[in-house]
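*Asks:* Feature annotation from TrEMBL assigns domain 'Beta-mannosidase-like galactose-binding' to 111-180. As annotated by TrEMBL, domain 'Glycoside hydrolase family 2 immunoglobulin-like beta-sandwich' applies to 212-315. Look at TrEMBL and you will find 322-521 tagged as domain 'Glycoside hydrolase family 2 catalytic'. The feature domain 'DUF4982' is assigned by TrEMBL to 620-677. According to TrEMBL, the domain 'Glycoside hydrolase family 2' annotation covers 691-790. The signal peptide annotation in TrEMBL covers 1-20.
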Amino acid sequence: MQARIWALLFLCCISSLISAQDPGRNTPVREKLTLDKGWKFFKGDIPFPVVKGHRESYNNAKAGNALGAAAPNFGDMAWPIVNLPHDWAVEGAFDKAENISQSYRKRGIGWYRRQFKLDPSDRGRHLEIQFDGIATHATIWFNGMVVHRNWSGYTSMYVDITALAKYGDEMNSIAVRVDADDQEGWWYEGAGIYRHSWLVKRSPLHVITDGIFANPIKNESGWTIPAEITLANSGTQPTKADVQVSLLDATGKTVATGQTQTSVTNLGQNIARLTIKVDNPTLWSVDNPYRYWVKTIVKQGTTFVDSLTTTCGFRTIRFDADSGFYLNEKHLKLQGVCNHQDHAGVGMAVPDALWEFRLRKLKEMGVNAYRCAHNPPSVEFLDACDRMGMLVMDENRNFNTSPEYMGQLQWMVRRDRNHPSIILWSVFNEEPMQGSEQGYEMVRRMSAEVKALDTTRPVTAAMNGGLFAPHNVSKAVDVVGFNYQMHIYDRFHKENPTMKLTSSEDASAFQVRGEYKTDKGKNIIDAYDSERALWGATHRGAWKAIVERPYLAGAFVWTGFDYRGEPSPFSWPSASSFFGAMDLCGFPKTAFYIHQAQWVADKPILNMVPHWNWSADSVGKSIKVMVMSNADSVRLVLNGKPVAGQRVDTYEMNTFQVPYSPGKLEAIAYKGGKEIARTKQETTDPPVAVQLVPDRLALDGDGQDAMPITVRVVDKKGREVPTASNVVKLSIKGSGRIIGVGNGDPNSHELEKGDQRSLFNGLAQVIVQADEGIIPVELMASAEGLQPFTLRIPVRKAPLVAAVPMVRPTLQLTEWRMSPFTDSKPNPVIEIAENDMNSWLPTKAAQLQTFAEGRFALFRTSFTLTDSPGETDRTLSLKSLTGKAEVWLNNQLIFTKASEGSEAVRIPFKGMNKTYKLVVLIEAEKAKQAGFGGVVNVE
Ligand code: GAL
């Protein structure tokens, strides 16, 4: 977290990522404001009204007239408010009738709505709303107009709203219909707006989203950054643009600069290109992930119009057909894991801070590479990989070369190509077309598409077959990825000696954390690395096959963490996977310790399973003990008596059969004849107290920071009881809230939201998220018969992410039809002929009319209230009603205004759930301006 704070402070210092100021003026030239807070949410679909009749059909076909819940004036006042990231599927219960792949969770359809206002000073700026990820298919409306449709739960959506935005009192409305019945995976995909959303305000001349490509490269003459800056101009005139690029080191010092000039037509785009040379940069590596910052400034004449900062790292990567992978020309075996993106308690709505937690656990295990299976991850995850030193295989989701899907691939490369962590672009996973002419042709095109955007990283594809077919994908990629192809590793290498190869997926072994006896009747598999999928290998077997083959760049174990769905080899009641080296909470299983012993070289590793809490009838019986170490030899001592010793088997690890006797079992590790580590398993007494163990010392009070807290119980000597299953109740006070609970049991159906959880083999996890504030969090945990525990977590003052303010939910009546002007007073309740589209013209509130052709006019609209079953006190508010007026609601006169001037008028009425016809009759002197000088709202 310390690292996070420094990174934040640093970013604030260079003052450009979130909001860049013109040094000469005080207006920010670029603002990135979070839209995460204050969404109205409805779980379920709201069918669109059936369009019938000529007038409705005519209106329905017009821009800005979206119907139903997509309409700006839809009454959502009674909907609950949610904040993003949000995954509604994880909130629900498990249901056998639902899809096993989606963790037996109901997904369905949901609606989100958000209103916001823009200051009139924003007029003329370029405005974009962004969604970083919505599961799964989304339709987005802005101010009643459909503005985007997205058929992937893993790609961002950028919507230019500049032309449609309203300013001042007029409300802007976003509506999002999320269809999570559709699915793109065979794993849990969540449901809803599960990543962040933003409003970005920029100058008319600006750098487009993902418009900076500044990734250092090294050639014979040294290091350079060839920078490409894509500029757009939403202004009305063509313009010249001066672009300056500076490279800042981690202390904020400028170490190199470059500049260029280009021009951009009005409503056009152009790419400014320049190269900066950098001498002797500090290299980025997994052990020293040193990052630089590329600060881009755009000027229009002398005016500073845009500025933003991106990250980069100086490192070289190389794959070799004989000897594998090189980072900065140093050989590095990839010790990789594949992962999906859900976590206990929160599902897909993972707070950013949890990425750091998960990566820290993986690094502790010795992992140096991460495959984003099988989709692009969040940008916050990639930032954490850059920051923490994790190599990444970034993976495209949909294998399809039609324009829309190629757009998804392009988006991934454009968004991610500055991250030093990314070393491979993966275009697919296990596609049945992989061994065919068509598959080859598709990948040839996808690879070309990637190369058009980035030639610095190889393209791969994760193949599980077809590798010897005459036409196959291996011939169209730079690095061939093998999913579980152990049996052909050697033959393929022999027949294709110049091809670069890596495992892209291996292992697929099963274990349940803390279980040491397989019981298939109860969907339990022991954690001795004894079972694997038919197509896979044990953790030990898979790694041995890779280590023994220098031509393989490395491993990508399936998986680092358990994930929801795919509970192979079982089904109901199992709801999450058994593959992880860690469970859904990130608690280590034996596989974690196996890889740690195999992968961590710079410090002694020693771990031992199982626990030593066996029942009385186990006394004297033989217990299988497994020791994982990177030492030369290990020795076991039970209750002070030596049991056995073995040389460490670096692949298989060491197993012993030890006759059980309660007490203390110790393992001692030796290197070069010297003891280098010691661990133990002790028989504990029954639990007497609950304990909470925080992951970090404090939370940042920014409303976003979050941390997992381990829940456990201890005996009277303070020892963790590894077999405990107590139900622990939780409550919280201060600047924080519980956002999820879990325990890593793949067979548990306990709810993940709420304030209690049972321990599974001694452990549970509660995730606490900070509110905005500085009041320390007090998390209380209690369990029947045990001493309760209160954990106090300091909450530090932290900068808040600048946000789009929430507004009071309002039904704004923007769309009106206005009658022809007349000299005599018209009948206010007159009906408009069904086929008459032309004599009553559409008009908006907040604009006065000139009464040139007569003294009277009628203004008419309708609205529907939906939020309260009975009568509710409502107010019709007309901010600036101008002229003499009569207000008629459902053919009843409810208000009369005798004066001619402008007035703010508030008319109370009793609202019911029904549709209302509202007519305002205005009378004005000939040629005067009258009507609605301001907005009309139902409050
Ligand atoms: C692979 C697949 C993964 C996962 C795994 C389970 O075939 O790529 O997504 O399903 O099998 O073993």
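First residue shown is number 1, and so on along the chain.
Cβ atoms are placed via backbone N, Cα and C, with glycine included.
Automatic, uncurated: that is what TrEMBL annotation is.
Burial and contacts for the listed features, if you can.
*Replies:* Residue counts for the domain 'DUF4982' (620-677) under DSSP, helix first, then strand, then coil, are 0 helix, 39 strand, 19 coil.
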*Asks:* Check the domain 'Beta-mannosidase-like galactose-binding' (111-180) against the domain 'Glycoside hydrolase family 2' (691-790) for contact, please; criterion is three or more CB pairs under 8 Å, pairs 6 or more apart in sequence.
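*Replies:* Contact criterion not met.
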*Asks:* Mean pLDDT for the domain 'Glycoside hydrolase family 2 immunoglobulin-like beta-sandwich' (212-315), rounded to an integer?
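*Replies:* 97, rounded to a whole number.
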*Asks:* Looking only at the domain 'Glycoside hydrolase family 2' (691-790), what are its DSSP counts of helix, strand and coil residues?
*Replies:* 0 helix, 53 strand, 47 coil
